[in-house]
Amino acid sequence: MSDYGPGSMTGGVSPDGQTTPVGVSGRLSKKDRMVLCQVLCQCKQIGVATRNGRIQRQRCVQQRLDFANETSQMETGAPTEYKPEQTYNMKAVPPEPVTDPDDPLLPHSDIRQWINDYWPGGSKKYKAGQGNLRRPDVVVVNDPTQPPVQSNIKMVVEYKFPPDDFSRDQRQDYIEIAGSESKFMRLGPAECGCGDDDQNGQESTQRQSKSSTSDLDDLAGQSGQSGGSGGSSLPGGGSLPLPPPGRLPPGILP
């Protein structure tokens, strides 16, 4: 079991219950921008193909960063500072990461089970689609050996592939997770220099038939925009072969 118990993490809540002010970090560092933009531009071109011919670009981002974290864990004993798809409980003040009960460095693998176990009233009382849970694309932490609590957050980054935009309250919730507006950034192809057009003018949307991915987006209050999958259909309903495991080019991650 982990040494990190619920509520034992340092920092985050002031005596009056408000989000604790944390240091101003400014925009992404040169290294962080290089890593995140390279992943974004690669996933803009490749994505992850599904059986029904949709391209899920946020899933591509998650796979590549997860692979880098697994590699770093094996080689150094700790993941990288880039945490993809980390869910946060927005009812806590400040928002708390929903992590594996045995390893607080990992996201909880079963959000439905977490809701049943920890949400007041369980799944019967939980209201999906109301922003109770939020899942930013990437949380950059200062210390990768510590949980992604607010006091350890360097930047919250949300990828947006045109023409996707924020859903209701999504941007403000991500700022709340970060602790200040200076620690939140929207990142898209234009900001990364890999073009601001979606291939062939295709929309990058997750309005698709229900799947485990879109169900999870509903639970996290992100249905109807790119916060979960950023998928777009291939012309004619065809499909691309799944790319190999998302290894980042040598030298990109430490």
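Please read every residue number as a count from 1 along the shown chain.
Cβ coordinates come from backbone N, Cα and C, glycine included.
Record features (TrEMBL):
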type     : residues : note
REGION   : 1-25     : region 'Disordered'
DOMAIN   : 79-191   : domain 'VRR-NUC'
REGION   : 187-254  : region 'Disordered'
COMPBIAS : 201-214  : compositional bias 'Polar residues'
COMPBIAS : 224-239  : compositional bias 'Gly residues'
COMPBIAS : 241-254  : compositional bias 'Pro residues'
TODO: Mind tallying the domain 'VRR-NUC' (79-191) by DSSP state, helix then strand then coil?
DONE: 30 helix, 26 strand, 57 coil
- [ ] Average the per-residue pLDDT over the domain 'VRR-NUC' (79-191) and send me the rounded value.
- [x] 95
